[in-house]
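Q: First the structure, which I've put down as structure tokens, then a few questions once you've had a look.
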């Protein structure tokens, strides 16, 4: 499971700066959930091949009122959600009463905490350690978040307490370094979780019907092997079989009664949702048809797209809607979900079971598309045909040349294209290639990533040194050129 690390501390100690420093590899703040998780931001970060989730929180000063009290409450909640806490203090300002209050809270919660002395760029780190030693959280780790100093050592300490899971040890996703022999049929790359079948995460906003859908999927022709509580925050992993196919449902909805439909007010945990997406092969994204597409839906869909997981969209509570309402919702889906137009959309009623059975076909097709590998000859042939139909643009009077393509990874499919001037390939042309590969390979429900690699210039970075013979020749040419110029000037006079 992906570790979750919370950044806490009083205001203006550099939490947001450190958050941006840690998440810059993905260059994104995943989501801001106003009203649900006020002033908590969730980001995904990577360090030395390891993925982890960072929670940025509001400052805690101990004298909050009104909205500030709400922000402090959310910061304390982030501590409960996290697997480890990075407690930031300001080395320049020294220890304060607020620092002591937060340290006392962390000690009481018995949470694995690391004391981080920020802003040591102008202060002796040893002095900072001595200053904050009375907090009783061990030696402070000195960093300068603004300049990136001490970050690697800090992450080594913080992430070192978590065991690496199999996916991290084998590399992210399913690498496809092993080539398919020319002429072979495309094959499926077995994933590390194949013994549990396809892992399906049911995600969505609160009260869109996730619990009802889970119960409905388990209640139809089910053979439940066992219910196993997840290791983190009540996520439930439920292996089951349907039509001799193995699946594992990852239920993030919380309260659920097996055997009967039970729709409670769902406890929404961003951490649970993000971890479920990371651990799944396919995500079923549940939306409320009566509410349409809202901003929270787009935030979560953006994270699914960023992680590269296969996607199926289920529009729940479709029954009982008037024809005009349905037409409006379909128009909104076409307009606002263009960035995930590769995903199948199902209109269902989890309560009555309408359309639920069709989800399995889309799940299987999406998974198959995400983990299939293709030979280099096939991918190159598709590239050549695409270039012949629509050539890349000219750059500085020269045509971009795309020479060949091969598979660089799976889940999601990564197609590596080699050529010249590939840094100048426009995004619009990349989208054209993505759609071409999707259409020809008949890929459904999975994003495609295209990576370009240019040819290496063996003389790049080397100074052009002339031989003695070349130097003499250059001098003669320059001398001849000067004499010719002088004759021209004399004639003009």
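In case you wondered, yes, glycine gets a Cβ from its N, Cα and C as well.
Since this is a predicted model, take the numbers as computed values, not measurements.
What Swiss-Prot shows for this protein is this:
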BINDING   9-16, 56-60, 118-121  GTP 1 binding site
BINDING   204-211, 251-255, 316-319  GTP 2 binding site
COMPBIAS  454-463  compositional bias 'Basic and acidic residues'
DOMAIN    3-166  domain 'EngA-type G 1'
DOMAIN    198-371  domain 'EngA-type G 2'
DOMAIN    372-456  domain 'KH-like'
REGION    166-195  region 'Disordered'
REGION    454-493  region 'Disordered'
Q: Considering Cα atoms only, can you say which of 12, 57, 60, 120 is the nearest neighbour of residue 204 (GTP 2 binding site) among these binding-site residues?
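A: Closest candidate to residue 204 (GTP 2 binding site), judged by Cα separation, is 57.
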Q: Quick one: mean pLDDT on the domain 'EngA-type G 2' (198-371)?
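A: Result for the domain 'EngA-type G 2' (198-371): average pLDDT 79.
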Q: Using DSSP, how many residues in the domain 'KH-like' (372-456) fall into helix, strand and coil?
A: 32 helix, 29 strand, 24 coil
